Amino acid sequence: MKLTCVLIVAVLVLTACQFTAAISQTQRLSKKCIEDNHACGLLHHSPYCCNGTCFIVCIP
């Protein structure tokens with residue numbers, strides 16, 4: 001009985017992880033990146049910049 005419960009919980013956790021990973025990948029693929037020298041915000045590693053580096057503008 002305990003083993004069955006553990007297996008059910010493990011399957012549910014793995015399913016949830018796969019589901020969130022799929023949603024994350026879909027969102028990442030659907031966003032268009034900001035071209036170099038266009039405004040992106042403050043200093044941070046931006047997923048919206050095509051090259052990923054942001055310092056007020058996307059740095060080439």
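Including glycine, each Cβ sits where the backbone N, Cα and C put it.
Since this is a predicted model, take the numbers as computed values, not measurements.
In Swiss-Prot, the cysteine linked to CYS40 by a disulfide bond, out of CYS5, CYS17, CYS54, is CYS54. According to Swiss-Prot, the cysteine that forms a disulfide bond with CYS49, out of CYS17, CYS58, is CYS58. Between CYS33 and the candidates CYS5, CYS50, Swiss-Prot records a disulfide bond only with CYS50.
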